[in-house]
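Written below as structure tokens is the structure these notes are about.
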């Protein structure tokens with residue numbers, strides 16, 4: 001935090017100033033602060049300060065005004081400091097916050113793992129013979145398209161239910177305990193998958209496991225965005241994508257081993273299910289000791305607990321650390337208080353659509369996450385099955401999948417470097433543009449039946465995975481945490497993720513019909529379809545997706561309130577803490593300047609929080 005010594009001195013000055021009037025009466029001290037009814041109705045951020053003869057003790061009146069103005073000034077200082085904080089300083093100041101965020105996000109490894117093994121099972125010989133049927137034309141064993149669709153629908157339906165349960169659970173017990181409960185249920189539901197003897201049991205197990213996965217999808221992103229400063233926000237929210245990839249890579253390695261050693265044994269599919277018991281217990285213990293989100297605590301009015309939570313995320317000791325805590329709590333208070341004027345007291349799902357501002361924020365968040373499905377990423381999840389249907393051998397299909405996930409991990413790390421030079425929108429849009437081109441090439445190669453074209457289409461799907469994990473895949477986790485207001489963040493993310501799940505269900509059904517030999521049997525020619533859909537997603541991003549890189553939450557709030565267009569978000573500068581007065585035409589940016597005004601009896605000062 002910059003200028004800590006200055007802030008310490010200012011605090012001391014404020015303390016001494018409060019004792020200037022030990023017993024003397026001031027005739028024109030501010031006696032109350034009010035917001036008129038029309039201002040409240042219009043949702044304007046204007047606080048009306050009336051100056052009139054004070055009937056209360058002068059020192060009490062002065063203290064009230066000083067506290068209100070100091071809170072706003074503290075919020076401004078915290079916001080400016082966060083915006084200008086270098087990455088190295090952020091890591092040095094918030095190392096514990098980064099560590100706690102990484103721990104919570106690790107829960108997504110399990111979702112990435114299980115969803116990947118489900119798609120890989122369709123290419124596993126023992127699974128095909130145990131639960132599938134033989135194709136009369138080709139003689140091959142495979143899981144019917146209807147069952148593939150059913151299993152996919154089950155876990156996605158479970159995720160939708162889990163996401164909806166997450167909202168009230170977080171409101172009731174907070175982020176930490178909600179995650180711990182979800183981990184407990186995941187460990188319990190895994191028994192159903194391990195002891196499965198029919199596709200029906202797998203369907204039930206997938207549906208039940210989907211509920212805790214839905215919880216992980218929402219809370220990992222919101223927790224990372226709320227516990228860390230702006231300089232770390234991109235890295236720690238996009239780490240969620242890395243966790244997905246780690247889980248998928250782990251699954252690909254396990255499935256390749258199963259294909260080699262347990263191709264004719266039930267351990268080929270039981271062992272991958274059993275490995276899901278590794279993480280829940282250690283993760284639950286770690287999350288139990290993690291600090292709660294200070295934003296959630298402030299929303300609940302638990303300010304002392306919010307301060308304790310912030311102390312646990314900061315390094316160092318002494319007055320500097322306490323000032324950091326005070327400034328951050330004041331900033332959170334001011335941000336939430338501003339949002340309360342536009343929404344209901346508690347914040348409900350209906351608030352996400354109540355007014356034009358929140359409707360826009362909700363729409364962008366939902367479509368942004370849905371873009372992860374419409375860009376063709378679901379095809380990457382069925383990569384092993386795709387490679388096999390494109391004519392690649394089963395063993396080579398599993399090898400391609402491992403290479404694909406390794407490329408995805410490298411691409412996500414590369415996106416961290418690229419984020420220093422390009423914005424969120426840039427990475428999102430450029431990634432879609434490259435994916436569109438590659439998908440059309442894959443479709444063209446699918447029109448040929450030569451061995452070279454089959455290997456080429458498989459190789460290019462790895463290129464799609466690379467560009468996807470360089471652009472849209474990681475940046476979405478950051479964008480969906482920045483677009484909603486702080487009071488509605490969890491609920492908006494839940495709506496957005498459920499939008500993604502619904503769109504993913506549709507895309508998964510289409511993919512399974514496109515690849516299954518008993519249905520459309522498109523094979524690599526399906527690249528044409530996903531190229532067109534990816535291009536449509538790109539057009540939406542150009543028109544509607546704002547650039548939020550380098551913007552703090554309070555700045556983003558102000559830009560949305562002003563109705564700034566998507567392409568002007570980056571260049572528009574706002575000061576959410578500016579103070580205006582009708583006595584002067586200039587803008588007053590600190591409460592300290594208010595004391596210098598030649599205030600007269602019954603004069604007004606409008607303070608723009």
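Glycine too: its Cβ is placed from the backbone N, Cα and C atoms.
Among the features that Swiss-Prot reports, topological domain 'Cytoplasmic' is placed at 1-106 (among others).
As a whole-number mean, the pLDDT of the topological domain 'Extracellular' (128-142) in this prediction is 78. Under the heading topological domain 'Extracellular', Swiss-Prot lists 128-142 (among others).
Per Swiss-Prot, the feature topological domain 'Cytoplasmic' maps to 164-178 (among others).
The topological domain 'Cytoplasmic' feature in Swiss-Prot is assigned to 222-234 (among others). For the topological domain 'Cytoplasmic' (222-234), the residues of the chain that approach it from at least six positions outside its boundaries are 82-83, 85-87, 89-91, 93-94, 97-98, 100-101, 104-105, 175, 240, 291, 293-296, 313, 416, 419, 424, 475, 478, 481-482, 486, 489-490, 493, 549-552, judged by C-beta separation under 8 angstroms.
For 256-270 (among others), the entry in Swiss-Prot reads topological domain 'Extracellular', with the evidence type similarity to another entry. Tertiary neighbourhood of the topological domain 'Extracellular' (256-270): same-chain residues 121, 124-127, 130, 194, 394-395, 398-399, 401-402, selected by CB-CB distance under 8 Å and a gap of 6+ residues from either end.
Applying DSSP to the topological domain 'Cytoplasmic' (292-363) sorts its residues as follows: 52 helix, 0 strand, 20 coil. Summarising the annotation, Swiss-Prot assigns topological domain 'Cytoplasmic' to 292-363 (among others).
Residues 119-120, 122-123, 125, 256, 259-260, 379, 446, 449, 451, 454-455, 457-458, 461, 515-517, 521, 523-524 of the same chain sit 6 or more residues outside the topological domain 'Extracellular' (385-397) yet have a Cβ under 8 Å from a Cβ within it. Residues or ranges marked as topological domain 'Extracellular' in Swiss-Prot (evidence: similarity to another entry): 385-397 (among others).
Residues 234-235, 475, 478-479, 482, 541, 545-550, 566, 570 of the same chain sit 6 or more residues outside the topological domain 'Cytoplasmic' (419-426) yet have a Cβ under 8 Å from a Cβ within it. Residues or ranges marked as topological domain 'Cytoplasmic' in Swiss-Prot: 419-426 (among others).
Within the chain, the topological domain 'Extracellular' (448-459) has long-range Cβ neighbours (under 8 A, six or more residues past its boundaries) at 386-387, 390-392, 396-397, 400, 442, 524, 527. According to Swiss-Prot, the topological domain 'Extracellular' annotation covers 448-459 (among others).
What Swiss-Prot records for 481-492 (among others) is topological domain 'Cytoplasmic', and it gives similarity to another entry as the kind of evidence. Listed by sequence, the residues of this chain that lie at least six past the ends of the topological domain 'Cytoplasmic' (481-492) yet keep a Cβ under 8 A from its Cβ atoms are 166-167, 170, 218-219, 221-222, 224-226, 233, 237, 295, 299, 332, 335-336, 339-340, 342-343, 347-349, 351-352, 358, 361-362, 364-365, 368, 424, 546, 548, 551, 553, 556-557.
Broken down with DSSP, the topological domain 'Extracellular' (514-525) shows 5 helix, 0 strand, 7 coil. Marked as topological domain 'Extracellular' by Swiss-Prot on the basis of similarity to another entry: 514-525 (among others).
What Swiss-Prot records for 547-609 (among others) is topological domain 'Cytoplasmic', and it gives similarity to another entry as the kind of evidence.
Sequence annotations record features per position, and here Swiss-Prot assigns transmembrane segment to 107-127 (among others). Same-chain neighbours of the transmembrane segment (107-127): 141-143, 148, 151-152, 155, 179, 182-183, 186, 206, 209, 213, 216-217, 220, 240, 243-248, 250-252, 254-255, 258-259, 262-266, 268-269, 272-273, 275-276, 279-280, 283, 381-385, 388, 394, 397-398, 401, counting only residues six or more beyond its ends whose CB sits under 8 Å from a CB of the stretch.
Remote same-chain residues near the transmembrane segment (143-163) are listed as 114-115, 118, 121-122, 127-128, 131-133, 182, 199, 202-204, 206-215, 217-218, 494, 497-498, 501-502, 504-505, 508-509, 512-513, 516, 518-519 (criterion: CB distance under 8 Å, separation of at least six residues from the stretch ends). The feature transmembrane segment is assigned by Swiss-Prot to 143-163 (among others), with sequence analysis given as support.
What Swiss-Prot records for 179-199 (among others) is transmembrane segment.
What Swiss-Prot records for 201-221 (among others) is transmembrane segment.
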What residues elsewhere in the chain lie close to the transmembrane segment (526-546), defined as a C-beta under 8 angstroms and at least 6 residues from its ends? 363-364, 367-368, 371, 374-376, 379, 425, 428-429, 432-433, 435-437, 439-446, 457, 479, 483, 510-511, 514-515, 559, 564, 566, 569
I'm a bit unsure how to read this: which one of 179-199, 201-221, 398-418, 427-447, 493-513 has the highest number of Cβ pairs shorter than 8 Å with the transmembrane segment (364-384)? 493-513
Taking residues 6+ outside the transmembrane segment (201-221), which of them lie with a CB under 8 Å of any CB in it? 104-105, 107-108, 110-111, 114, 118, 131, 150-151, 154-163, 165-166, 169-170, 175, 178-179, 182-183, 185-186, 189-190, 192-193, 195, 237, 240, 243, 477, 480-481, 490, 493-494, 497, 501
Cβ under 8 Å to the topological domain 'Cytoplasmic' (164-178), counting only same-chain residues 6 or more beyond its ends: which ones? 104, 211, 214-215, 218-219, 222-223, 287-288, 290, 292-293, 296, 346, 349, 490-491, 494, 498
Among 179-199, 235-255, 460-480, which stretch has the most Cβ pairs under 8 Å to the transmembrane segment (398-418)? 460-480
In terms of Cβ proximity under 8 Å, which residues at least six beyond the ends of the topological domain 'Extracellular' (514-525) contact it? 135, 137-138, 140, 142, 144-145, 148, 382, 385-386, 389-391, 442-443, 445-447, 453-454, 457
